[in-house]
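Q: Please see the structure below; I have some questions.
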Amino acid sequence: MEHIRTPKVENVRLQDRFNTRKPAIGTLYLTATHLIFVDPNSKRETWVLHMHIESVEKLPLSTVGSPLLIRCKTFQTVTFVIAKERECHDIFESLIMLSRPATITELYAFQYNPQATLLDHEEGWNYFSLEAEFSRQGLPNNRWVHSPINKDYQICDTYPRTLFVPTGATTPILLGSSKFRSRGRLPVLSYYHKDNHATICRCSQPLSGFSARCLEDEQMLQAIMRANPNCNFMYVVDTRPKINAMVNKAAGKGYESTDFYSNIRFQFLGIENIHVMRNSLDKLIEVCDLKNPSVGDFLSGLENSSWLKHIKAIMDTSLFIAKAVLDEHASVLVHCSDGWDRTAQTCSLAGVFLDPYYRTLQGFQALIEKEWLDFGHKFTDRLGLTAVEEKEVSPVFTQFVECVWQLTQQFPCAFQFNESFLLTLHDHAYSCQFGTFLGNCQREREELSLSSKTYSLWGYMRKNMSDYVNPLYSREHPVTQGVLLPNTAPQNFKFWRGMYNRYESGVHPRESVTDTVSAMKDHSASLEDHVRLLEKRIAGVKKLLGKDTVLSPDLQAKGDSNPETVVNNPVPTKDSPSEDNGANAVSDASSESGIEDVQSPVNGDSASAEENEEKNDKEDNLDSTNDLVEEAEASEGQDVPETKAEVDNSPSAGAGDSMDVSLNRLSLEMDSVALEWKAFRNIRQCSCETPLDAFNKKYHCWRCGDIFCTRCIDKQTPIPGHYSQRPVPVCRTCYKHLKLESKLS
């Protein structure tokens with residue numbers, strides 16, 4: 001707060017480059033974490049996180065005031081015109097200080113403290129481990145073993161504690177190889193192909209110069225090759241252009257010589273260095289900032305930036321690695337200069353090509369943990385999270401995220417996550433709101449005690465997992481289970497408008513196709529859940545009116561046979577068969593024995609076998625989420641007060657199959673589910689008057705079917721008309737009604 005000179009400025013103009021004649025006029029607020037512009041006329045708020053700010057520039061004075069241009073790392077560009085030059089200068093100076101903290105401990109993550117009901121402090125930090133990921137790949141085995149040589153980071157401080165190496169690599173070989181590799185980053189396992197035993201290994205460049213050699217390093221590569229019984233050679237892939245590697249040779253580094261390393265096939269694959277990539281992105285941003293460009297200007301500017309050319313180079317290199325493993329059954333050793341930029345890009349993309357697990361929500365997060373966080377990509381430096389040298393900043397991670405998006409365009413059914421997932425991941429890598437991407441390596445994160453002092457991004461994303469599910473994903477689709485071999489012809493690469501023009505309101509469709517399909521699937525899921533409950537209720541009424549039902553002694557004396565006054569006695573035993581075939585069919589399908597079983601509270605501590613079977617049945621029917629999403633939903637349910645009211649004489653109360661379903665209860669259940677949902681089309685604002693456009697996603701309330709913004713539908717709770725009783729999104733008004741109905745019941 002000491003950097004904030006002027007916390008509030010009135011009569012500020014927000015310029016829109018698509019509508020310069022009618023700028024928004026409102027109030028600018030400067031807080032410790034955000035710059036907030038509020039336009040009272042249109043009810044629009046523009047939030048800019050300080051850590052997202054890339055640059056702040058004061059433009060020449062105009063007739064209406066002093067313009068302030070702010071460019072963000074998320075490719076948002078805003079221009080404020082402040083009437084008084086002094087106030088503009090104060091905002092400028094404050095933003096410079098707030099957006100460039102000197103040390104990691106000054107970052108937003110160390111002050112971020114959400115409500116306990118929204119996110120647990122420990123959640124997310126223990127979701128993934130390197131040991132568990134290699135165990136999933138079938139390791140250790142008789143070819144690859146876990147080595148404790150780096151358990152205290154003694155041979156390489158940028159590698160993880162857990163390293164998997166060939167069984168033939170002894171400790172002297174490992175030590176010698178680490179001394180011969182830049183930064184001590186010796187060859188270690190990255191991915192093991194269980195079917196053909198081929199591997200992808202990673203390291204840094206050798207310190208070979210023009211003539212130096214190391215017997216231990218040569219023996220290390222031979223051990224990697226011999227660990228694969230299906231191929232008598234291995235590839236060494238240098239991701240750099242050959243000229244760059246030659247320059248490094250003159251500096252005492254370089255690449256492996258085929259004169260010393262036997263049975264290797266060396267390959268240069270030409271991905272440019274971080275400085276070229278940074279300049280390329282700057283040119284791309286200039287193209288995106290053009291005001292009303294012609295088609296020719298835009299396409300020529302895109303071509304001159306070479307951005308898509310670099311994306312293609314990364315994809316080509318990754319595809320070469322994947323094909324070597326898949327088609328030739330050959331092991332591949334990948335490196336660049338230090339092995340933490342281009343190596344991370346290509347090894348992780350090759351894994352996405354080869355392994356369907358990495359194309360799921362959980363698997364993709366595990367991939368980032370392994371290839372980027374554990375193996376030491378320099379996030380603090382490359383993302384410019386602190387006041388680092390400009391030459392260390394480069395969009396390495398942005399390129400990787402875009403490569404995955406390019407894949408989703410070619411294979412829309414192969415990925416469980418959608419574009420929103422990739423954008424959220426990219427934005428929060430820069431936001432510093434969570435501690436997941438802070439630090440340059442795992443050792444630094446441990447020294448900073450991030451797991452105890454900050455929150456995990458993975459925990460936050462799991463809480464909102466339903467927003468990230470691709471509605472086109474199908475587990476049984478052939479592409480989902482198979483290997484991805486993308487076509488890398490130039491015409492198959494697209495400009496990612498959703499990333500680089502995300503904040504330009506004039507270039508996006510009002511309704512996203514993905515959001516519309518997701519809403520349709522959610523609506524279908526809600527109706528299917530409601531139908532299952534109604535089927536149970538019908539089965540119960542049939543039982544109620546069947547043989548299992550007898551009149552009470554008082555009614556027998558009066559001769560009253562009105563069905564509404566019939567009560568049932570607990571005649572059947574637990575093992576007694578029902579005589580109604582329809583009821584049996586419903587009951588057998590869900591492994592349930594009575595309609596009131598749905599009233600049992602759902603909790604995260606334990607679940608009956610019947611609940612598990614029902615959950616699996618629901619998963620097969622909907623096929624829209626995986627185990628991770630359902631687990632996220634179950635965990636969310638623990639934080640939401642239950643709305644399910646126990647019905648008298650329910651089976652859970654120990655009355656066998658006896659039940660007394662009141663008409664009021666049935667009416668409540670039927671009225672609690674929206675049979676029709678409003679269409680997204682022509683919905684321009686929420687009931688709170690918040691504009692609904694490309695920046696503000698639309699959400700349906702599952703109880704009333706209306707459309708709301710994310711602020712007005714921030715509640716999740718079970719609704720009485722659903723069989724599963726899992727928490728679903730509802731608006732605030734419906735949430736209050738459900739709470740009241742629950743108390744009355």
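Quick reminder: no glycine exception, Cβ is built from N, Cα and C everywhere.
Caution: TrEMBL annotation is automatic and unverified by curators.
The annotation substrate binding site is assigned in TrEMBL to Asn273, Ile274, Cys336, Ser337, Asp338, Gly339, Trp340, Asp341, Arg342. Among the features that TrEMBL reports, compositional bias 'Polar residues' is placed at 562-571. Annotation comment: TrEMBL describes 124-500 as domain 'Myotubularin phosphatase'. Residues or ranges marked as region 'Disordered' in TrEMBL: 552-658.
Can you walk me through where each of these features ends up in the structure?
A: With a cut-off of 8 Å between CB atoms and residues at least 6 apart in sequence, the same chain places Ser204, Gln205, Asp238, Thr239, Arg240, Ile271, Arg342, Thr343 near Cys336 (substrate binding site), listed in sequence order.
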Q: Using only the Cα atoms of Asn273, Ile274, Cys336, Ser337, Asp338, Gly339, Trp340, Asp341, Arg342, which the record gives as binding substrate, return the largest interatomic distance in Å, rounded to a whole number.
A: 12
Q: Within 8 Å of the Cβ centroid of the substrate site residues Asn273, Ile274, Cys336, Ser337, Asp338, Gly339, Trp340, Asp341, Arg342, which other residues of the same chain have their Cβ?
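A: Sorted by sequence, the hits are Thr239, Arg240, Thr343.
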Q: If we count other C-beta atoms within 10 Å, could you say which of the binding-site residues Asn273, Asp338, Trp340, Arg342 has the fewest?
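A: Comparing Cβ neighbour counts within 10 Å for the binding-site residues Asn273, Asp338, Trp340, Arg342 gives Asn273.
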